[in-house]
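Peer 1: Okay, these came from TrEMBL:
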BINDING   S235, G236, G237, V238, D239, S240, T241  ATP binding site
DOMAIN    207-408  domain 'GMPS ATP-PPase'
Amino acid sequence: MDPKEVKSDLVLILDFGSQYTHLITRRIRSLSVFSLCISGTSSLKAITDLNPQVVILSGGPHSVHACDSPSFASGFVEWAEANGVYVLGICYGLQLIVQRLGGVVEVGEKQEYGRMEIEVEKANGLYGTKRVGDRQVVWMSHGDEVAKLPQGFEVVARSQQGAVAAVENRSKRFYGLQYHPEVTHSPEGMETLRYFLFDVCGIAANWKMENLLDEEIKIIKETVGPDDHVICALSGGVDSTVAATLVHKAIGDRLHCVFVDNGLLRYKERERVMETFERDLHLPVTCVDAVDQFLSKLKGVTDPEVKRKIIGKEFISIFDSFGHDLELKIGKKPSYLVQGTLYPDVIESCPPPGSGRTHSHTIKSHHNVGGLPKDMKLKLIEPLKLLFKDEVRQLGKILNVPNAFLKRHPFPGPGLAVRVLGDVTEGNALEVLRQVDEIFIQSIKDAGLYDSIWQAFAVFLPIKSVGVQGDQRTHSHVVALRAVTSQDGMTADWFNFEHQFLDNVSRKICNSVRGVNRVVQDITSKPPSTIEWE
């Protein structure tokens, strides 16, 4: 999807490193408004090429006083004023506006972190539905504070400690919030964002999945020539399935799907997935057995990033080989490779669309983003790369993808390689993990909990523990169970199972899976952890 082709008002978020930045993107999209996030230090051309109607400057962990603190491009303020673009600064973004437009930001006498009450000092503007004196609870996270406003700006709200909480300059169309309206800890934050976008900025809520489908089909047809053939990497998950169905709708039988058994699949995954493809989706799928090829390359490898790079390289090698065989068969060399890359994949592999991100860290390289070799022969088509998981499911419904497929929990591209901590080829780690995972997932389904959980899986830990089984001392493997709730995978909370459920699952695993004598549960949210262990 090309953001320039989206026929909708665009709200562009400039990311200055806040942990909540991509939550702003999600919140705005939930209002049927298209939003994108790019680096806060992107060039002015990168911003103007996207033609946004509104720009939001995110928060961040920096102080505007630091010599290396990130800032928006030179000429940004003048461009926004000249083109009638509305600008909203959040937390660090507000302080950046104040400093760059001639105001003063100082280290606060009393730093404000967590829930804080603010009071409206001026009606209209950001708080058009509020009256002077109205109060609300918000989520603060700042050490610096505004000491002097630039010319033409007014204070709209203050915190209970007297710090500036909201400002505006209506003639310039510049606004600022010292708190985070996008988090649930600011109960009225969504109301503020909604009022700002629709009533202050006049944005239209016209971003619909149906429109996106038509636009994406048009882009695919324009990209792929009338005689070109395309390979699609199918994993059996939601993302690649929706991507394949979308491309098949655009180019028909010139799409050739390939499902790779890399030896890192779940219990009976190959048989189950191939049956579903043929019975429900009617997609032309070739299954490639590459178990030995992958496992031989992964032997002795324990670093998760190295695993991902190796797997990405081997996948591309297989697709190139598949493309060569296809050329011999149809007399035409495939030109493109379709992948179900999502927006969180792009974000976590580091630079989001717009690039140049120097103030954030790579969380992990996704095998279909950061793990691809530079000398890859096939050109990529990634029709979902600006969508979140829940949006992909919406698109899949429109495309009539079976509900059972759409409700499947996410499964990582590198498969069980990132759920076996350590060497995946050592002992019978993969087989143990498959059996444990099958028991866990089937128990969740039997309990009627599957659709209430975003993702659930088991993890094979590289440790052994002492146990007693059959009146004998054992020294066996430890496995972990992980289940989380989430909306888009960017943040997640661990799922709180009833104790009886966990007791039953633990007993089933220890009694059924040879070589396991201890089961633990992961009760960590994201952040601070990621969803996958690795």
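Cβ coordinates are placed from backbone N, Cα and C, and glycine is handled just like the others.
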Peer 1: Taking only the residues in the domain 'GMPS ATP-PPase' (207-408), give me the average pLDDT of this model.
Peer 2: 83
Peer 1: Enumerate same-chain residues with a sequence separation of six or more from S240 (ATP binding site) and a Cβ-Cβ distance below 8 A; give 'none' if the list is empty.
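Peer 2: Correct list: C232, A233, L234, V338, Q339, G340.
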Peer 1: For the recorded ATP site, whose residues are S235, G236, G237, V238, D239, S240, T241, find every other residue on that chain with a C-beta no more than 8 angstroms from the centre of their C-beta atoms, and list them by sequence position.
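Peer 2: Leaving out the recorded residues gives L234, V242, A243, G340, F405, R408, F411.
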Peer 1: Which is it, of S235, T241: the one of these binding-site residues whose Cβ has the most other Cβ atoms within 10 Å?
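Peer 2: Comparing the binding-site residues S235, T241, the most crowded Cβ belongs to T241.
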